[in-house]
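Features of the protein shown, as given by Swiss-Prot:
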- His12, Asp15, His147: Zn(2+) binding site (BINDING)
Amino acid sequence: MNDRRLLLVHAHPDDETIVTGATMARYAAEGAHITLVTCTLGEEGEVIPPELAHLASDREGGLGEYRVTELERACAALGVHDQRFLGGKGRYRDSGMMGAPTNSHPACFWQADVDTAAHELAAIIREVRPQVIVTYDDNGGYGHPDHIQAHRVTMRAFAQAADPSLPGTPWQARKLYAIAQPRKLLEESVARMQADPGPFTAPTAVEDIAPGTPDDLVTTRIDGSAYWEKKRDALQAHATQVAVAGTRFALSNGIAQEIHAVEYFTLLHGPEPRRGPDGYETDLFA
């Protein structure tokens, strides 16, 4: 273990693996302390395996607790030993997709008071004292209300944790990143999936996967290729939400996506990135 500390804020179980799994596995293997803060239990997820369909929120329920177990297995696969739920397990409920009636549930994360949730996260930041914090961009990557709220809460907590006027010992993280999915690379990936989607449905456009990040906004490239299998294993742990086949996976919509072990980020706060010849910074702690 070294003195590097990385804290990631994600909305639901499985988000951590899909977009940052290789990064987490790499830094964990290199001895960094990884703290994963998950904001909800993912109660509104659609269930893929027919034998587990009864867990869905519109049937018997129980999906949230089941996904806690999946998250534990995924973290074990990635080598992550410090996973927490914001405000405690079950404090905030999955809000569902934007526009769903569940957006109005009084306990859902979308309805949470941002200052209150940020205070809870700031307390974790002050305890862990990470040099680097990672979350979503202001659109939450693809517009999910819980992802957007995670961004808002993290931005507020980043400031609160460093504020000496608030009770407790302040902590200023050196860097804050948003997860990025470069548009050009998504286009190339979609073309490969259109040519060979495996057992899944081929995407018709980039938007079937995510809007993508404008390429000029992407600052950082983390090569986790050596940890591709760990990411795949973690994806397989999230079996209610993710189907895995070879180098591909699909969510409940059945659309083929590649399992990427090279992951990208946009620096939101911190010193100017030390970019290499390819134009990217290659270490979150640089």
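Glycine residues also receive a Cβ, built from the backbone N, Cα and C atoms like all the rest.
Report note: the Zn(2+) site is defined by His12, Asp15, His147, and the residues of the same chain whose CB lies within 8 Å of the CB centroid of those residues, excluding them, are His10, Ala11, Asp14, Cys39, Thr40, Gly42, Tyr136, Gly140, His144, Asp146, Ala150. His147 (Zn(2+) binding site) carries a helical DSSP state (H, G or I). Every protein chain shown contributes to the tally, and the Cβ of His12 (Zn(2+) binding site) ends up with 27 other Cβ atoms within 10 Å. Fewest other C-beta atoms within 10 angstroms, among the binding-site residues Asp15, His147, are seen around His147.
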